[in-house]
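Q: Annotations for this protein, taken from TrEMBL, read as follows:
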{"type": "DOMAIN", "residues": "A:7-131", "note": "domain 'Na+/H+ antiporter MnhB subunit-related protein'"}
{"type": "TRANSMEM", "residues": "A:7-28", "note": "transmembrane segment"}
{"type": "TRANSMEM", "residues": "A:34-54", "note": "transmembrane segment"}
{"type": "TRANSMEM", "residues": "A:66-94", "note": "transmembrane segment"}
{"type": "TRANSMEM", "residues": "A:114-136", "note": "transmembrane segment"}
Amino acid sequence: MKINDVILRTVTRIVVFIILTFGVYLFLSGHNTPGGGFIGGLVLASAIVLLYLSNDIETVQRSLPLDFKLVAAFGVLLATVTGFGSLIFGVPFMSQTFAYFDLPVFGKTELTTVTIFEAGVALAVVGVVVTIILSISEDE
Amino acid sequence: MVEKILLTALALFAISIVIALVRIIIGPSMPDRAVALDMIGVNLISMIAVISIVLKTKAFLEAILILGILAFISTIAISKYVERGIIVELKSDD
């Protein structure tokens, strides 16, 4: 039996971009407000899960050709490499530093090295959550 | 006066969540439970909004957004499971 889900697909096309924007906002606001790499990654993963729910695995794999196990592995690698990068400068493992720069559009901006670490955490969370949900929901 | 109105609204939202919980437990069919779960999500969002008015803070607005997103996705997942039996299809038939 074919099921008419044109409303779900039309809504999803807009809502996915809202959720992705909110996930990036949560990822970038993790210093002194609620947010950070972990829950930013969870929100990004929920956007991808919504894509998988409204479409099917084959369609999403065609438009988003990512192996999410590799995404998780790359995230863990990125987080660990930034941890070891602090050893080059003679400070303890996983030390972080920050500085203020004058960027053209944003004005005075605080750039930290912990953001790279948080990007690794976010990638790991996205990969692991999407892999788990695809594994437990697939039928044979 | 406004404070009393807000606290009364909180109590009414709590009672409404309890009623929806009863519907989830005794609900005769699965669509009843799905609708009641969605109603609990909406009531929780409203309760957080009223609480942030009472406490005069903006710290809970992200929580409202996240709860809205999660209630939306979980309602879609439950309804798709009720209707088709699987959640993520391997291949669409159309």
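The backbone N, Cα and C atoms fix where each Cβ goes, glycine too.
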Q: By Cβ distance under 8 Å, which residues at least 6 away from the ends of the transmembrane segment (A:7-28) in the same chain are close to it?
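A: Contacts with the transmembrane segment (A:7-28): 34-37, 39-41, 43-44, 46-47, 50-51, 53-55, 115, 118-119, 122.
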Q: Looking at the domain 'Na+/H+ antiporter MnhB subunit-related protein' (A:7-131) alone, can you tell me the average pLDDT?
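A: In the predicted model, the domain 'Na+/H+ antiporter MnhB subunit-related protein' (A:7-131) has a mean pLDDT of 86.
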Q: Of the residues in the domain 'Na+/H+ antiporter MnhB subunit-related protein' (A:7-131), how many are helix, strand and coil by DSSP?
A: 86 helix, 13 strand, 26 coil
